[in-house]
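S.K.: Below is the structure I would like to discuss, written out as structure tokens.
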Amino acid sequence: MKAAQGEPIVQINQLNKFYGNFHVLKEVDLTVTRGEVLVIVGASGSGKSTLIRCVNGLEEYQSGTLEVDGFLMPRAEEREFGEVKGLREIRRGVGMVFQQFNLFPHMTVLQNITLGPMRVRRKSRAEAEENAMRLLDRVGLRDQALKYPGALSGGQQQRVAIARSLAMEPHLMLFDEPTSALDPEMVGEVLDVMRELAREGMTMMIVTHEMGFAREVGDRVIYVDQGRITESGTPAEFFDNPKNERTRTFLSRVLKH
Amino acid sequence: MSPMQKKIRWLHVNLFAKPADALLTLVVVPLLLWAVWAFLSWALTAADWSVVFNSLKVLMTGTFPSSKLWLVWIVAGMIAALAGLATSASIPFGRTAAVIAVLCYLVLVLAIFGAAHIAPQALLVLAAFHAAWLIGLRVPVLRENLAPIAFGTLIAVLVILSPVGPSNWGGLLLSILITLTAALLTIPLGILLAFGRQSKIASLRALCTGYIEVMRSVPLILVVFCIWVAFPLVLPKFPIPDVVRGLIGFTLFYSAYAAEFIRSGLQSVAKGQTEAAESLGLSDFDLKRIVILPQALRVAVPGLVGNILDIFNYAPLVFIIGLTDFLRAGQMILANPENSARTYEIYVFMFLTYFVVGSIITFQARRLEQKLNKGVRK
Ligand SMILES: Nc1ncnc2c1ncn2[C@@H]1O[C@H](COP(=O)(O)OP(=O)(O)OP(=O)(O)O)[C@@H](O)[C@H]1O
Ligand SMILES: [Mg+2]
């Protein structure tokens, strides 16, 4: 892993995205290198989710280029007719953690985690379950394996969701406000898991409002404003010395509480 | 609280909470008591149930040849076993079930001594039901693969009965065959139609939507009749039995309704489920089969059960294509002048039969729903 550090895993060039006539992402340029932890902040509705969802193809874009692992993500016109070749292969290697967890409610925690490895990576049940238990151990939920998601707290569900993504052995993890739906006392347990991942060298793109976490764990922080990346820098530069006026207003607002 | 106080409290809460309740109770309860009393005194004294016993064969099987009735018993045993297995999927064999079972067996054993000639067979059918129930509880593989087993049973049943010729299938047997076949076929067809209606391919979407809307806007009897008429016109060289044509009519008609229930189930599944499954790299087929469909069916269960009940209750409409189902068989018995004085007995028996079968289906469905909802707490 270390050897590959520094080379780009996500390359975005002049990306534009529209919802109908609404221009959501505007001429976005962004490169994420292997091992990097990129934190994305910005006001509500600025397009953070849209940007991160483009990276694993949950959203399509209209122009520009977006490469993940050297694979050019298909544009809107190429996706009009069903599945695009190669898209699924890329998705296997990109984990996604959602604000609302999105665990499969009709499956146990264990089944949630083994589904991908068994159906997509064609692993045997025994192997998938062994690996799942190891991951549950890692997120501190070994004893919850046979429960249904509905019986877990939000923080526990989100940790299961992270384990589910990790089970696919991704080389890039996307987080879209993973702690925003959680009660305050559960935020810490999820951030701990993410901090641990960062320490192990996982490449991550994280949308979050947890500024303390961003400063501590992020390698780089970018600010999205009305669909544009208007500020980018190390946490120190970003938080202590923002160049852009709007970033400054934003920070003064969120850091107050 | 003493038991007496508890009882009084129960009466108060349930029957006399408000003046209007009290009034209603004072009117309804005596009326009900009177109705039950009148019915029982008629059923036990004036009624002559021999007409029902003498017509049982016709009511149950129509014109099925008497020499081949053992085939029907085998089929009854198989369907009972299937029902037992289905029961094991949602209901454990508890004390109440055991008591009911013992009572049933007692009645049947007594009936053997009372020289009812069909009691031994009925005993075996009941035993098949209970055996399958108990086996299903112990062997999870069986109850988890209920759908393929049900299809296998259905095919076996049709094969076993085919030497007799479908034109001789009748009575309750026919009603149940129609219900079972249509119920089993409408669900997969409904699934396909529901997915088709959401397809990205416009022509497929239009086709499925059109089909569903057309079927839902015409009466069942018309569809059954049209299908019956159309087959000989389209395939004059291959005569298809009336029963099969009737079954096709029912299946095509009720598939549209099943599709709508499943579609509303599909719509109830949160978008995040699809996104999470896509993010794992699941194929479109796996995504629908493993993630979406089970959640959608859960929501669709009450509607689908209602659909099955409808099929059972509307099965008498096959009289329009000359078939004799349970209700029709009863009417034919009454058409015999000898029985004309026994209208009530026959109708009461048919009423009770419909009521019992319908109740069993709804009871099972409710238990299934409860069981399905247990894992999911939203
Ligand atoms: N499916 C959609 N159709 C039309 N507009 C949309 C759609 N999804 C999002 N938008 C709009 O696109 C803009 C960006 O949305 P996005 O969800 O990316 O914002 P965000 O930065 O993640 O905000 P938040 O912090 O509230 O999550 C918003 O103005 C939103 O209203
Ligand atoms: Mg968002």
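Numbers run from 1 along the shown chain.
Note: Cβ is positioned from N, Cα and C throughout, glycine not excepted.
Sharing the features that TrEMBL gives for it:
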DOMAIN    B:172-365  domain 'ABC transmembrane type-1'
TRANSMEM  B:70-89  transmembrane segment
TRANSMEM  B:96-116  transmembrane segment
TRANSMEM  B:122-139  transmembrane segment
TRANSMEM  B:146-165  transmembrane segment
TRANSMEM  B:171-195  transmembrane segment
TRANSMEM  B:207-231  transmembrane segment
TRANSMEM  B:243-262  transmembrane segment
TRANSMEM  B:299-324  transmembrane segment
TRANSMEM  B:344-363  transmembrane segment
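Could you tell me the structural context for the features on the list?
M.R.: Within the same chain, residues 60-61, 64, 121, 124-126, 128-137, 142-144, 146, 149-150, 153, 156-157, 160-161, 163-164, 173, 176, 180, 360, 364, 368, 371 sit at least 6 positions outside the transmembrane segment (B:70-89) and bring their C-beta atoms closer than 8 Å to a C-beta of that stretch.
Within its own chain, the transmembrane segment (B:96-116) has Cβ neighbours under 8 Å at 53, 122-123, 126, 130, 133, counting only residues six or more beyond its boundaries.
Sequence-remote contacts of a segment are chain residues at least 6 beyond its ends whose Cβ falls under 8 Å from one of its Cβ atoms, and for the transmembrane segment (B:122-139) they are 73, 76-78, 80-85, 87-89, 91-93, 97, 101, 104-105, 108-109, 111-112.
Away from its own ends, the transmembrane segment (B:171-195) comes close to residues 58-62, 64, 72, 75, 79, 150-151, 154, 157-158, 161, 208, 211-212, 243, 246-247, 250-251, 254-263, 265-266, 288, 293, 296, 304, 307-308, 311-312, 315-316, 318, 323-327, 329, 353, 357 of its chain (Cβ-Cβ under 8 Å, at least six residues beyond either end).
Residues of the same chain lying 6 or more positions beyond the ends of the transmembrane segment (B:243-262) and with a Cβ under 8 Å from any Cβ of it are 166-167, 169, 174, 177-178, 181-182, 185-187, 189-191, 193-194, 197, 208, 211-212, 214-216, 220, 223-228, 231, 296-297, 300, 303-304, 307, 310-311, 314-315, 318, 321, 323.
Tertiary proximity for the transmembrane segment (B:299-324) is limited to same-chain residues at least six positions away from its ends with a CB under 8 Å from its CB atoms, namely 62-63, 169-171, 174-176, 178-179, 182-183, 186-187, 190, 220-221, 224-225, 228, 242-243, 245-246, 250, 254, 257-258, 260-262, 264-265, 268-269, 332, 354, 357-358, 361-362, 365, 368-369, 372.
Panel annotation: around the transmembrane segment (B:344-363), residues 42-43, 47-49, 51-52, 55, 59, 83, 172, 176, 305, 308-309, 312-313, 326-327, 330, 333-334 of the same chain, lying at least six beyond its termini, place a Cβ under 8 Å from a Cβ of the stretch.
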S.K.: Using a Cβ-Cβ cut-off of under 8 Å, list the residues of the same chain that are 6+ residues beyond the ends of the transmembrane segment (B:207-231) and lie near it.
M.R.: 193-194, 196-197, 199, 240, 242, 245-246, 248-250, 252-253, 255-257, 259-260, 314, 317-318, 320-321
